[in-house]
């Protein structure tokens, strides 16, 4: 295979991608990476139109094509409309990346029904119905990528039962969905990041560290880097590149799998 042929299999020219929760952080990096590979991108947001438009503007400035569409994926009716509107605008949809999510910490004894429902509504139920609508709207040979977490795989994390449970369910989803989606040759996979340095990173990361509330942001970075033998923390681009691979022809034989993106971290 020539270098040109190898490059072409990583490209997404002519494809249309939808990324939920892509106004910032990991989602923004995924949307940008898919656009850099040639895809037109639907940048979804729930509550931050300015942030989403910033992502769209950056993609367009770099020669790409993108639009911002609002939808709260905890509301199935909004999810349905999101996919309908995406197809109405671009005429097709080939890639769906479910990135929307919320974090939650709390000892088992303190978890309320409201908190349980809030987290599952987005992280689990929301992702399920994003995948359902993706199956209905995607072209033959499309890609569905769901968002898991190292906490769905790693040893137990204190005060993290609800969040970890929402992510553990996603791993089972993709194994079963991959079979259901086979009739349209759609692959379904899960990316499971470890700690990724986004705007929420330091506040969340302190919850994983004993006495973390007493550490400065610099000390948090130093501590978190030791979780990986590569001695650094994860960046949004680390997740985005894997999503780009899965979305491309290069990833067409990866199906029903959970890909850990954690630098071999052991928390």
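Placed from the backbone N, Cα and C atoms, the Cβ positions cover glycine too.
Same-site candidate for NADP(+) binding, as annotated by Swiss-Prot with 72, 99, 132, 163, 167, 196, 198, chosen from 26, 254: 26. Across the structure, residue 198 (NADP(+) binding site) and residue 149 (active site, proton donor) place their CA atoms 15 angstrom apart. Using a 10 Å Cα-Cα cut-off around residue 163 (active site, proton acceptor), the recorded positions 26, 72, 149, 196 reduce to 149.
Note on the recorded positions 149, 198: the fewest other CB atoms within 10 A surround the CB of 198.
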